[in-house]
Structure formats: C-alpha cells, structure tokens
C-alpha cells in the first residue's frame, strides 16, 4: 500500500527516482505532453479548474500509461460514464462534500480532499460517505505536517498527500521530510531488535520469492535513496547485497504490508542468484515460465552449434513456422489436456522468439498492464488473412428446410412407438417446464386484446396462430352440406355423450311435489 502520495511541484529527476520506488506520484497536468513522467513511474494526473484539457486529452493520458486522473467536481459529472470509475479520483474541497451527488459518489474510485487542517473526525465521516473509495488528504495550510499525521491518517484508512517541496533526499528538517523517513513513519516492529521482516521478490519473474531477510530503518532508507538492495544482517550489521559476491540487486519498489510490520522489496537480481548457495532463490530452483526463460537466456549465450535451440535462434523462418504450426494445433485442441499440451508448445516457441529479440517476461507483463489501462478499445476483429481463412474452413451451412405451403393442412405430429428409440420415447413423455409467471405473461396480452377489441382481435389472432382466414367468428345457417356429414363413429360418440347427459339430469329431477315443513322454535 502507499504510505503517502507525493505531489510533484517541480521536475527533480533524482527525487522522482526515489519517490518512484515507494509508490505512485501525483503530477499536475501540463499542456505539453513531452513533460509527462516516464511510464516507469506510477502516476496520477491532477487537473484543477485552470487546466485546459478536454475528455479526449484525458483519455489520451490514460491510454498512454497514467493510472488515474484527479478531476474537480465540475468535471466529474461530464467524465463519469466516459472514463471507468476505477480510473477517476474526485478533487474536492472538504467544505463541499455535501454537494456531491449519488452519481458522482458511485462514479469515482477515490477522493482527494483539500483541507485546511487535519480534522480526523470530519475526514472519517467523509470516508464513510464514499464507501470503498480511497481517501487522500492534501493539507492547504502553511507549514510541514508532522510525520505522525501519516500514521493517524493511515489508521482511519486515508493517505496523506505531501507536496514535493516538503520532501528531500537529505536529512529531515523543520521544513522538509526525508523521503525514506516519511515512508517509515507508520512502520512498526514486534521484534526486540526492532528489525522488520522483509520478503525479497524477483521483479522480472512476476514476484517470485527469492528469500526472507531483515531490514532496519537505516537499510530501508539507503535502499530507497540509492536503488540498491541493502538489508540488515543480525550478525554483521548493514548488509549491502552483492558487495563482495557481485550478486547485486536493483530495487524496483519497496512496499509495506497491511499491518505495517513487514516489507517487500521487488528487485532485479544480478549475478549467480540471491541465495548464498548460488541459486536464484533460497526456496529452491525456478519452475514454469521463469525456469524456461532462464534456460533460453542461457542457451542463447552458450547453446552448442547443431542443437535444436540454436537452430531456432539462427533460423527465423523455422521459428516462425513452428509458432504458426503450434498456434494452429492449439486452435484445434479440444480437451483440457490437449489445450494445456499445445499451449505449452506454443509458449516455448513464442518465448524463444522473445528471448532472441531481448524481450523478457517482465517486458510482456508490462505491455499487458499498459494495454489493460487503456480506456480506448479497438474492435478486436481478426485481420482479413485470418478471418477469410476461417470462413473458408467453416462447416458447410445446414441444408435448407423445404418450403411450407400456406394452404397445407394443419396436422399433429404422430410417432410409431415401435420405430423410435427408448431415448426418443422418454423425451416424448416429458412435459414441458411451464412457469406460471411466464405463461401468464404470454396469455394476458391475448386476453386483453380480445377483451378490448372483441371479434376483430379474435379474427386476427386466429389468422396468426391457427393460420385460418375467417370472415366471422360465428357460422350461420344454412350450413354447407359437406359440413353436415358425420362419420358413423363420431355420430355414435355424440349420441353416447347426449344420452349420458340426459340420464344425469333425469336422475336429478324429482316427479313429486316439493314439500316444505315449518318447525317452530323452542323459545
């Protein structure tokens, strides 16, 4: 996590280099893009009311590597919905917090509060209003805020913003904090010797752990200021890694854990490795892509002539063909095992090309991160040479269904149980799943239409659903002779039904007169 956020006021490359190791920096928006900070530093772009920039310019900054933009309240409403919330921070005077709408609150991922004083209760209440948003506090009063304010703000989930004029690489004074001293302000140790457990991870290998060491305030300060791996040996005191062995380290970043009692150093390790046994890691040998990259880098320098890897490095056409071959096989793979197998082959040849071109896995990850930060997205369509090939290799279209005659008879489908499979039989016995709400939603418009428009709606619906064009909803006599012809079986069924109804009513009827007797009450 960031202990504090520096706000750059002037360009100082040496100071910026040290600040870049402990987190992102806030940079005011300059009209001239050439003055933007290099992508190697995490940066937030600050726009105030005097900044002359439009939405396209802001998106361009984000597309080109800026992590977030900090905008005034007046700008936020226009940018919300155009720029993702996780890329927007609201610049807000503490007295205007009640002017923030629900739309703005939900459309930003952080708030930079400008406050004349360190009012922790007020800041806490604003923090509760902006749920799950990062809170940054810039004190507008003159004077240097004490380092204790860094701890106090972190305790309530907020981060102090320090102008670069209040930071120095020299010793702390009444007007400036040393960069490292400010970083160490909230760090605590639960050890009797006051040291901090420190995890050392490999930046080029995706954060793979190299070892566990201890740091002191003195060693952390030297690492931040010099960019070299410096730790505290419990036996020998200050330990500058590689000073005697040559296995030096370049420190990329120093981070504090959530409890402020442990550090992580992300480094680029040189020489034989981090471990005193001349291995890359104290936790054993590398594996996976990190091991493959290390092997290929070694083969690039020392692979014997005639070996397959040497052939791949020397024959770009062979390497190109293998990459395309393995990509095609991956596309054809179907099972989980096949996909993993073919993807491994493709990664081997792709990483071989990367190593030959001097590209590391860290470079690839950096490119992925940069693409992920882009606000402007391309359609992502395939290029013509691939889309046309896919179309030519696509399965033939299904045969056209025979045309249906409009005046053909409507018949129910029939099945012969002796000629269908048990599975088809079981499928026929299944009742369709009907949901009451869905059924009512389909039927209600029909009923309402008939209720409103009567016979006209009924005729239209009959034509739509039954494919029958009728002139009237009622057939009046005289009836056509052919409609009066009944099959003997149908006539017999009607006679049976009529007889049953007649018998039922006859059984209910009483021939005798109905007699009603009146009985007097008992009182």
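Numbers here mean position along the shown chain, with the first residue as 1.
Just so you know, glycine gets a Cβ as well, placed from its N, Cα and C.
Curation plays no part in TrEMBL annotations; they are all automatic predictions.
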Residues flagged as region 'Disordered' in TrEMBL, choosing from 339-371, 372-404, 405-437: 372-404
Average model confidence [pLDDT] within the domain 'Phosphoribosyl-AMP cyclohydrolase' (212-283): 92
Counts of helix, strand and coil residues, the domain 'Phosphoribosyl-AMP cyclohydrolase' (212-283), according to DSSP: 10 helix, 28 strand, 34 coil
